[in-house]
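The block underneath contains the structure these notes are about, expressed in structure tokens.
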């Protein structure tokens, strides 16, 4: 009988030290050394950890592994964006790398599919399959860094920013999200600034309250409507936590946060003649007056079968200017990677086909489910 090996990517620093002490009989500094090899140098072979003694390397090889998602497919956009389909077990998720002059952002998935059924998001077509493990979340960052080129090879950091805006709702996977974020921030991990790690949520108030005081990262909220009636139509989660409940939890989080500097980023997808009228803009401005924020307008990115359209540039411009009349800070997100379906709201692509092929098998095994109303 073969014993399943322990994936060290599933441990943050605290968990790694505990494992080394309890299972390997080793001191904390040895765990720290191994973490540094994994995340600073991208090493996944214990034999290459040259400052680890042979006896410990043999124990690690016998009991442990360093196993990140692998690249099943890579698509390169004309603007430099790269979309990877990354294999996690017998399923795939999508991870997007967005290079700019002053930063390199990685958009990371937290679930296979999504349970929230937002009407304008292509990932919702896939439905929910399962939560990703810690190793599958942080492993996307690890794999992307290897694909782009490690700092020791290129002289620059391969990834400067991480946004949890890929497939899935991060706050419905708190158990695995928090350790993954800890590794992103840890100096022995990727050592990212807390202001450069962003978690986006569609309004899981219980999860946001759980994060408050526990981990400090930048927060973005997917709002997309200025009133409950419209939001419930396009985002069913609003029936569980309405806008006022959501914004109250946002204010609690940013009050305890240094990463957000007192402001939250509000994401608002503009859907042609659905939520982009000037009355909607004025209503949104009034809604957000008591919640310090910057508003990021996202022109809808069409995908096959979607009933929605992108507004005209003139409607986008009028919506932005109306908000600015109320002294809000407003930006319009530049669309990146839309030619490879890597833009906001498009993350599903070929993954949906590969995932559906395993759905029946997963159902037969008793697939993981999330009841949003019960969260």
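Here the Cβ of each residue, glycine as well, is placed from N, Cα and C on the backbone.
Copied over from Swiss-Prot, here are the features:
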- 94: active site, proton acceptor (ACT_SITE)
- 100-339: domain 'Radical SAM core' (DOMAIN)
- 107-344: disulfide bond (DISULFID)
- 168, 169, 200, 222, 223, 224, 301: S-adenosyl-L-methionine binding site (BINDING)
- 344: active site, S-methylcysteine intermediate (ACT_SITE)
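In sequence order, 163, 164, 165, 170, 219, 220, 221, 222, 267 are the residues near residue 200 (S-adenosyl-L-methionine binding site), counting only same-chain partners six or more apart with C-beta under 8 A. Calculated from their C-alpha atoms, the gap between residue 224 (S-adenosyl-L-methionine binding site) and residue 94 (active site, proton acceptor) amounts to 23 Å. Listed binding-site residues: 223, 301. The one with the lowest count of other Cβ atoms within 10 Å of its Cβ is 301. Residue annotation for S-adenosyl-L-methionine gives 168, 169, 200, 222, 223, 224, 301. The furthest Cα pair among them is separated by 19 Å.
Counting in whole angstrom, residue 94 (active site, proton acceptor) lies 9 from residue 107 (disulfide bond) by their C-alpha atoms.
Comparing residue 169 (S-adenosyl-L-methionine binding site) with residue 107 (disulfide bond), their Cα atoms are 13 Å apart once rounded. Predicted-model confidence for the domain 'Radical SAM core' (100-339) is 94, expressed as mean pLDDT.
Long-range Cβ neighbours of residue 168 (S-adenosyl-L-methionine binding site) (same chain, at least 6 residues apart, Cβ-Cβ under 8 Å): 93, 109, 110, 111, 112, 113, 114, 123, 131, 132.
On the backbone, the CA of residue 301 (S-adenosyl-L-methionine binding site) and the CA of residue 107 (disulfide bond) stand 16 Å apart.
Among the listed recorded positions, namely 94, 169, the Cβ with the most fellow Cβ atoms inside 10 Å is that of 169. A Cα-Cα distance of 19 Å separates residue 223 (S-adenosyl-L-methionine binding site) from residue 107 (disulfide bond). Following the DSSP three-state reduction, the secondary structure of residue 107 (disulfide bond) is strand.
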